[in-house]
Amino acid sequence: MAIASTLASTQNPFLCLRQPPSPGNRSVVFRRCQDPCGRRWISRSIRACQPSDKVSGQFPFDFMYSSMLIPSSCGEWNRIHLGGDGGISASAQRLYFGKELLSFASDNFLPLALVSGVGLGFANPTLGCLADKYSFTKISTCGIFIISGLTLRTEAIGAAVKGWPLGLFGLISILLLTPSFSRLIMLVQLQPRELVTGLGIFCCMPTTLSSGVALTHLAGGNAALALAVTVASNLLGILTIPFWVSRYIAGGVGVSFPTDQLFRSLIVTLLIPLIIGKVIRESFKGFANFVDNNRKLFSKINAICLSLVPWIQVSRSRSLLLSVQPKVFLAAVGIGILLHLSLLAFNAVSIRILSGLTGGSKSSKENSTAVLLVSSQKTLPVMVAVVEQLGGAFGETGLLVLPCVAAHLNQIMIDSVLVNLWLRRGKDTSTKVKTA
């Protein structure tokens, strides 16, 4: 009867209203539907909501405690229940928890992507081996540096030049200081011996080709400085790797290294993609604006490209990993974690001292973040290339690489957690400033 009387109204046609079960300050929804052309329904809603602090439950938004009739295109009426009797509808609960889940995934996208890559490599190594066959690792590395070129602002290059003292320290730390940690690693007695030898070689490597830059970008550090240190250390590292491996790993015995091949590979996978990305940015200003307005999207694409590396490496090493005793492998993993934490502590203290001498401005903080991340990581692809070219001079190639795969994954995960902590601390600080 109520609906019929409402439909009969000439002043307010198709006004559908159901009051809450009991009087009070509840949400009321008015929906007016007009049919000016006889074919298409046009709806307008007017909503009066109860204050959120009076709604039972812990949901930070208001709910409708009424239902409404909505006409369909075929002339039928559909009733939608939006809650009632002061309760919260199941759809609203699902919406809230869905938003919370999406927010968590967005805030922790990189570690989730890395864990997913490792899990996929263990669950189905066939896909990872197929991706390795078609050089997806090189493709993902090229993709990361193309994105780095796309997001590289010209003014950031000037900031990188201004941060040359920290950048120079980063190069010295990567190429001259941190390789000496391999001497301590070689003192560890662990069988098979290749596990320790592999970590020693890993310690002599330059910084990661992609993850340091990607993490610097996520942390809001000086990505241009991170790029400069990454490219320079990997190109110069071709000259320093033979010396350190011969001195600390081979006991002074000379070993042959594929210097020319490594140099060409790094030029193709690092420098050329970076230049291509920068040229595209400078050539198409509209696309540059699109990149600047969607930096979070490109950061997620960076994270996906980065997760391909552990996925492929775990897929390749799965059978070998299962053949090693868990106790021995966990010990090697622990050594890798301890190595990365030691590098972080050493570089953090050194950077703090150097930053105190050069000044503690905001730009100095961004430079410190970049140098700390890139100077504390070691690259896996270059290590794999070096070991493969040595032809088994230090033992089984798979066993040499296996602990380094774990160390590579652990350093990325540790640093991604560290970056997330920095981001949350920055959000809390900005919130307190706004509140004050």
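Placement of Cβ uses the backbone N, Cα and C atoms for every residue, glycine included.
As written in Swiss-Prot, here are the features:
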type: TRANSIT; residues: 1-47; note: transit peptide
type: TRANSMEM; residues: 109-129; note: transmembrane segment
type: TRANSMEM; residues: 131-151; note: transmembrane segment
type: TRANSMEM; residues: 157-177; note: transmembrane segment
type: TRANSMEM; residues: 195-215; note: transmembrane segment
type: TRANSMEM; residues: 225-245; note: transmembrane segment
type: TRANSMEM; residues: 257-277; note: transmembrane segment
type: TRANSMEM; residues: 297-314; note: transmembrane segment
type: TRANSMEM; residues: 328-348; note: transmembrane segment
type: TRANSMEM; residues: 403-423; note: transmembrane segment
Segment proximity, the transmembrane segment (297-314) to the transmembrane segment (328-348), 3 or more C-beta pairs under 8 Å: no
Recorded stretch that, among 131-151, 157-177, 257-277, has the most CB pairs under 8 Å to the transmembrane segment (297-314): 131-151
Stretch of maximal Cβ-Cβ contact with the transmembrane segment (403-423) [cut-off: under 8 Å; candidates 109-129, 157-177, 225-245]: 109-129
Same-chain residue ranges lying at least 6 outside the transmembrane segment (257-277) that approach it to Cβ under 8 Å: 138, 141-143, 145-152, 209, 227, 230-231, 234-235, 238-239, 241-242, 245, 382, 385-386, 389-390
Sequence-remote partners of the transmembrane segment (157-177) [C-beta within less than 8 Å, at least six residues beyond its ends]: 206-207, 222, 224-225, 227-229, 232-233, 236-237, 240, 346-347, 350-351, 354-355, 358, 363-364, 366-368, 370-371, 374-375
